[in-house]
């Protein structure tokens, strides 16, 4: 574990709530980039920004075809970077996708994508994590409520909240097929979870979150205070959200599959140290140790 002062304690004997110690926007309001000043203000207030169409239909078709190629490739399935759904035994996620696929690497470098990350974080950025997510119809399980930063801080060693994620839809996101839910404004309070981090926790948590999960009481208070926003939209839409937003998604029991590309950008001025609340680092395909800026 790290010896750096821990601004956001977690995984102790009791659940704790700490006001955010970091800015939400690290750039100045007039920082050039694709996000308008009004949208930056909205992002700072709510913790997220929805973009109705980030990429066009032809691009959606390209990325969706690449996703399908990867999840049906036996070599990819056998790779430790692929996570399999426990019940159906179908691929749920493929990590480090920007290193596996040049097509997705190009998406990461696209100025519409990385430019927004630089604008929000106020610096050059690198990819802390990338993956494709697949939620087939008829029973694909969801992700329980959590803050990504809680995990990235506790288990990967990210010191500060200077990280932003983008989820780019490759299928239609209906209000019924297990879409992303966020508690608006929850990013301004850090919820430190109770309980020590088990050894090799990542192997279990990538299929079903346990350690780092808030209590029912805390979630009820946050939901009463902030409400819950469900994100819908056409293929090609995108949602940017702060690393500390409480978010989750439900099971997909509809016939309509849902898939997306998920990219996590971290500031080059916030590189990972040793974990704050775990005995060892998670593997690099989950939490990068290559801090090379995206160019």
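Please read every residue number as a count from 1 along the shown chain.
Positions of Cβ are set from backbone N, Cα and C atoms, glycine also.
Remember, it's a predicted structure, so these values are computed and weren't measured experimentally.
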Among 64, 247, which residue shares the Fe cation site with 146, 148 according to Swiss-Prot? 247
Do you know offhand how many angstrom separate residue 152 (site 'Important for ectoine stabilization') and residue 129 (L-ectoine binding site) by C-alpha? 10
Cβ neighbour count (within 10 Å, all chains shown) around residue 152 (site 'Important for ectoine stabilization'): 26
List, in sequence order, the residues of the same chain other than 146, 148, 247 whose Cβ lies within 8 Å of the centroid of the Cβ atoms of the recorded Fe cation site. 143, 145, 147, 149, 150, 151, 245, 246, 248
I want to check the contact list for residue 148 (Fe cation binding site): same chain, sequence separation of six or more, C-beta distance under 8 angstroms. What comes out? 163, 165, 243, 244, 245, 247, 264
